[in-house]
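Per TrEMBL, the feature region 'Disordered' maps to 1-37, 152-182. What TrEMBL records for 34-161 is domain 'ALOG'. What TrEMBL records for 156-167 is compositional bias 'Basic residues'.
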Amino acid sequence: MSIEKGKGMAEGSSRSTASPDDQHHQQRGLPPSRYELQKRRDWNTFGQYLSNQRPPIPISQFNSNHVLEFLRYLDQFGKTKVHLHGCIYFGQPEPPGPCACPLRQAWGSLDALIGRLRAAYEENGGLPEANPFAGGSIRIYLREVKDSQAKARGIPYKKKSRRRSATKAKNDAYNNIPIGES
């Protein structure tokens, strides 16, 4: 797993930091998209986080445990109030007053961040099958954050049922199959 380009970025190399999509934009004379700029900032931030660890972790040697530590580290900068189980406002979507519960990163922000870092990892030479941002432990962590934040706010996240396609519904009607028995 060689991510020399990303390694250079984290170590302050003067190598190009443009992603393939950035290079495509530059060839056409267009500035990078907002998404591309955010993805590059996120990748640089993660690389900086790794280089600030004691001992520093080379970008070519991090794993999903380092990603989980990074996500937990980011909580200190969060702006989403997550009520603890003992809080009188636990489970209330709009509490009437302040409390001492911690601020955390919102689940949606973490999910989007992981998506951008996952893409940046591969653009910087990482192999898709070895992507630490795509690991099962990351998906489990994000699911746990989502569930805990939903419970703390009293907002149930329910999986949306898939809508039946119009073609399938027409075929069922044509074949006299009652809806829901296909």
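Glycine too: its Cβ is placed from the backbone N, Cα and C atoms.
Automatic, uncurated: that is what TrEMBL annotation is.
Worth saying up front: this structure is predicted, and the values here are computed from it rather than measured.
As a summary of secondary structure, the domain 'ALOG' (34-161) carries 76 helix, 4 strand, 48 coil according to DSSP. Summarising model confidence by region, the domain 'ALOG' (34-161) averages a pLDDT of 92.
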